[in-house]
Amino acid sequence: MNKIKRLLIPSLVAMVASVTAAQAEKLTLYCSAQEDWCQLMARSFEDATGIDVNMTRKSSGETFAQIKAESSNPKGDVWWGGTGDPHLQAAEEDLTEPYVTPMRGELHDWAISQATSAGDKTIGIYSGALGYGYNTDLLAANNLPEPACWKDLLKPEYKGHVQMANPNSSGTAYTTLATMVQLFGEDEGFDFMKGLHSNINQYTKSGSAPIKAAGRGENTIGIVFMHDAVKQAVSGFPVKVVAPCEGTGYEIGSMSIIKGARNMDEAKKFYDWALSTDAQNLALEVNAFQVPSNKGADTSPSAPDMSSIKLIDYDFKTYGSSAERKRLLQKWDEDVSTLPQ
Amino acid sequence: MRNTTNTKTTHPALIFWIVAGWVGFLLLPWYGVEDGILSFEWLIDGYPFDEDYAPAAFLIAQGEKLWLAPLLIPLVMSLAALGRPKSDPLYAKILLLTGALGFGWLTAQGFGIGIRGFNFEWLKALFGELGDRQFGMGFGAMVLASAFLFIFTQGVAARGAINGDVFVVSAIGGVIVIVTTFVFFPIAKMLLAAFVTEEGSYSVGVFAAKFFDDRLWGLGCLSGGRCGVAWNSLFLAVLVGLLTTVLGLVFALVVTRSGFRYKRALRALTVLPIITPPFVIGLALILLFGLSGAVTQFISDLFGVQPTRWLYGLPGILIAQVLAFTPIAFLVLIGVVEGVSPSMEEAAQTLRANKWQTFCTVSLPLMRPGLANAFLLGFIESMADFGNPLVLGGNFDVLSTEIFFAIVGAQYDQGRAAVLAMVLLFFTLSAFYAQRAWLGKKSYTTVSGKGDAGVHPMMPNGLAVPVFVIAGAWGLFTIVIYGMILYGSMVELWGVNNTLTFKHYVTAFSVRIEDSGIRWTGAAWDSFWTTIYIAAAAAPLTAVVGLITAYLLTRQTFAGKNAFEFGTMLSFAIPGTVIGVSYILAFNVPPIEITGTGLILIISFIFRNMPVGVRAGIASMSQLDKSLDESSLTLGANSWQTFRKVILPLLRPAILAALVYSFVRAMTAISAVIFLVSAEYDMATSYIIGRVENNDYGLAIAYSTTLIFVMLSVVGVMQLIVGRTEIGRRMSQSRTNV
């Protein structure tokens, strides 16, 4: 019995200690950006305000699912980061709270138009263009030509060398699908996806996995956001970034306050803080090469220059809506994913 | 508690539960306190009048939540039992009625009224809109519910069930209620979710559409396309079951029937799968055999072949799972292979069978139960495995990962997840059933009291050579893989920059000493401490529940015992992903609302690991002679005293085994955990999966390696303690009083 007591008592002590510790102001943050960035944002906000932050990192799809599951009884306060579509979808399904921040004057137009299109329930915090990257070593080892356009990826010599995420589980891949539909028209867009399908070696679950696999030499070409590819190149992997010649779509990384948040005041404090230059300059510390939404924030010389990339007029309102998303995903599931490779 | 024979005064246990009931009703906060009851913030924040913290009595007095008022009736009624002798037939009747009424009403109002008022249309139709709502039950409700339950069981005991033994009846009642609440209720809720349409009504058509989906049962792979996930999972699990059984048998034969010297080292292998986080092996395989893996590069340089991605898909998952689960099969088979009594084999040889004939016709058939068990375990572990398919799956989808992505994917289809979970559950339960059917009722007992030479015959030579080759090759492979894990955690950037560094350990586990004390700056500390705390809280509770159940199963007879045993063992056959999904569905809404807390993790671990505690308890209790209990009972002790003073001390090894096992499993579990972690309670394994998904392999492997060493030391320390625990009765006094 004594041994059991010896085991029991420390666990009880730990239990009591841990629940009594959390007394101060607190904030529950759902973060859909990369882990180190999420950590840095959470810790910096704690340092700046003294508010305790509980942060969970999950992909934007997972976070959206969680917020929806918890909608009758919200557990989170703020959802920061991740591609804009699920944020717009959350706004449309009334899962998030409208808020007009005093910081708006300092922001780029695209950040504010993201907010107005969703009835002020979300706002842009960074943007990034879609593209792809390839592993230069592997490309050379396989004697493959250097691709420069979207349609280059359909060439038969790339069979088994291209990787993208599954649009069902990744916001990045859905953006790719929606971009193709907008760039080439729906029919030709789906023909493109079908052609691509026969060259794909794996549909990953997470959006940036293809380029990370390319960096480690497990894959040749990865369709991702360019800033993710730049990050791999900067970390020392043999990755070259391509801005496709036909033009490309882009994402607006967004932030929303969850409807019925338990710590509404703290949530708003975080919201305002996250749009300040100080908070947005943190991105460079963790090699996040997105374009920040605050005009005064620093941009990295390694970041893709948005003005030199041919951007399509991405219709966030239409392609961010639940109905359109569901329709496109279902069509992709039925017409593309079932094809033999 | 000594009153089983005393009829004059009221049973103190009854007084205790009646008082507890009143305390729960009058004093404790009725609804869940957001910051946890133990923070005591509620005491200074408007208690007892604030609606969030008020006890039921104060709520009713203020005219709120009036549906709680009927609970007063059974509470008052229970007082009538005080002072009555136990032999009075009214005594039992009062208790039964009180318990049933109270518990029944408590449950009914909990399910009937939820966060949006009435939960059922017919209640709305009957009473109109309620205009009020309630959140999840809290401490007050929990204490009152327990009080009603145990008042009821005392009533049952007073009626003469199990010889009027209050402790045994209460224990049975308690176990039934918690197993129903935390195993059957969530599973039922999940099964129901498979029938829900998008509008929220129920329909069989929805279920059928999801169940007969081509993605589930398609047979495209026979004609060059892709097969459904159900076939993928089944095929993989059967292969893994067969291969692990064969390999496990090979190792067991080496240990028991050969002149091999280093048997102890081989036995140490059995610890490996228990302490290895579930996806580390997958990572190591990528580092070796991936497109740019060390072995792949070496071979392609040597022979000039083009490297391929052959690892991603069935081959990769298969190798990883066989590596991971072979030691489990070994663990099962070694006991059985040892247990085959040499006398049978001697008899065969005396009758002039040669070694081959003896092995094939005597030894092997006697190992059947072990083979069946090993196959079953391999099959179930493979079905339930989540980490390896996630890392190595490529385009080979299996049920466990599909369930996960049906819930977290952008399509967010709980119904599909529920259908997939049902298919998975069907497979594992069928395997259980098939195993029982195959073993049948034949006798495999060979160890009798009669003496034998005690030495197993050697394997025939024709068998020994391949067995040694296979065992040697596989053992070496395992060592290389684990070496790789250690090495992988210490290189800068795998495949690109192979300089050795402790960078990843620093990122994960750095600390800074400041004026205010130690600041845990490493990225992994949060999840590390949470994991330790959750595992440490779950382990003793698992052991308690497991041992009490084992005690009931071995030492008591009661009606419905078989169903009771099935119910307590069921959660073993339920894969973790299924538990995860069903817990989310069942416990995110009142009356039991515990998602996002540490409690839900602890509970899921208790019920995931309970069967092992039960098995360990049964195994050691059946070694204790019943005469020990009987003499204790004859000397006037009741069954609780017997359990505490006689059986428990003799069970120390079993208790420790259950503690270690559940602690370690809680640290390495992933499949259920990944659904249940929250911002505040992130666990090590889900943190590592996050790193893996981001291809941050260095940190993931460094963290896993640390976990392996932490668990190794836990297991080691426990082994030391168990090793010194001696339970014989002839030991010197000083040593038994540990």
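Cβ coordinates come from backbone N, Cα and C, glycine included.
So that you can see what the record holds, here are the features copied from TrEMBL:
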{"type": "TRANSMEM", "residues": "B:12-33", "note": "transmembrane segment"}
{"type": "TRANSMEM", "residues": "B:66-82", "note": "transmembrane segment"}
{"type": "TRANSMEM", "residues": "B:94-115", "note": "transmembrane segment"}
{"type": "TRANSMEM", "residues": "B:135-154", "note": "transmembrane segment"}
{"type": "DOMAIN", "residues": "B:230-435", "note": "domain 'ABC transmembrane type-1'"}
{"type": "TRANSMEM", "residues": "B:234-256", "note": "transmembrane segment"}
{"type": "TRANSMEM", "residues": "B:268-290", "note": "transmembrane segment"}
{"type": "TRANSMEM", "residues": "B:310-337", "note": "transmembrane segment"}
{"type": "TRANSMEM", "residues": "B:358-380", "note": "transmembrane segment"}
{"type": "TRANSMEM", "residues": "B:463-487", "note": "transmembrane segment"}
{"type": "DOMAIN", "residues": "B:528-718", "note": "domain 'ABC transmembrane type-1'"}
{"type": "TRANSMEM", "residues": "B:532-554", "note": "transmembrane segment"}
{"type": "TRANSMEM", "residues": "B:566-586", "note": "transmembrane segment"}
{"type": "TRANSMEM", "residues": "B:654-677", "note": "transmembrane segment"}
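Only residues 6 or more beyond the boundaries of the transmembrane segment (B:310-337), in the same chain, are considered here, and those with a CB under 8 A from a CB of the stretch are 232, 235-236, 239-240, 243-245, 247-249, 251-253, 255-257, 267, 269-273, 276, 278, 281-282, 285-286, 289-291, 293, 367, 369-371, 373-375, 377-378, 381-382, 385, 388-389, 391-396, 398, 474, 477-478, 481. Sequence-distant neighbours of the transmembrane segment (B:135-154) (same chain, 6+ residues past either end, Cβ-Cβ under 8 Å): 11, 13-14, 17-18, 20-21, 23-25, 27-33, 37, 55-56, 71, 74, 78, 95-96, 98-100, 102-103, 106-107, 110, 115, 166, 169-170, 172-174, 177, 589-594. Of the two recorded stretches, the transmembrane segment (B:94-115) does not lie close to the transmembrane segment (B:234-256), with fewer than three CB pairs under 8 Å once pairs fewer than 6 apart in sequence are set aside.
With respect to Cβ pairs under 8 Å, the transmembrane segment (B:358-380) is most closely packed against B:234-256, considering the stretches B:66-82, B:234-256, B:463-487. Same-chain residues lying 6 or more positions outside the transmembrane segment (B:268-290) and placing a CB less than 8 Å from one of its CB atoms are 251, 296, 309-311, 316, 319-320, 323-325, 327-328, 330-331, 334, 385-388, 390-392, 475, 478, 480-482, 484-485, 488, 494-495, 661, 664-665, 668-671, 684-685, 688-689, 692, 697, 700-701, 704, 707-708, 711-712, 715.
Outside the transmembrane segment (B:234-256), and at least 6 residues removed from its termini, the chain residues within Cβ reach (under 8 Å) are 227, 263, 266-267, 269, 314, 317-318, 321-322, 325-334, 336-338, 367, 371, 374-383, 398, 427, 456, 459, 463, 467-468, 470-471, 474-475.
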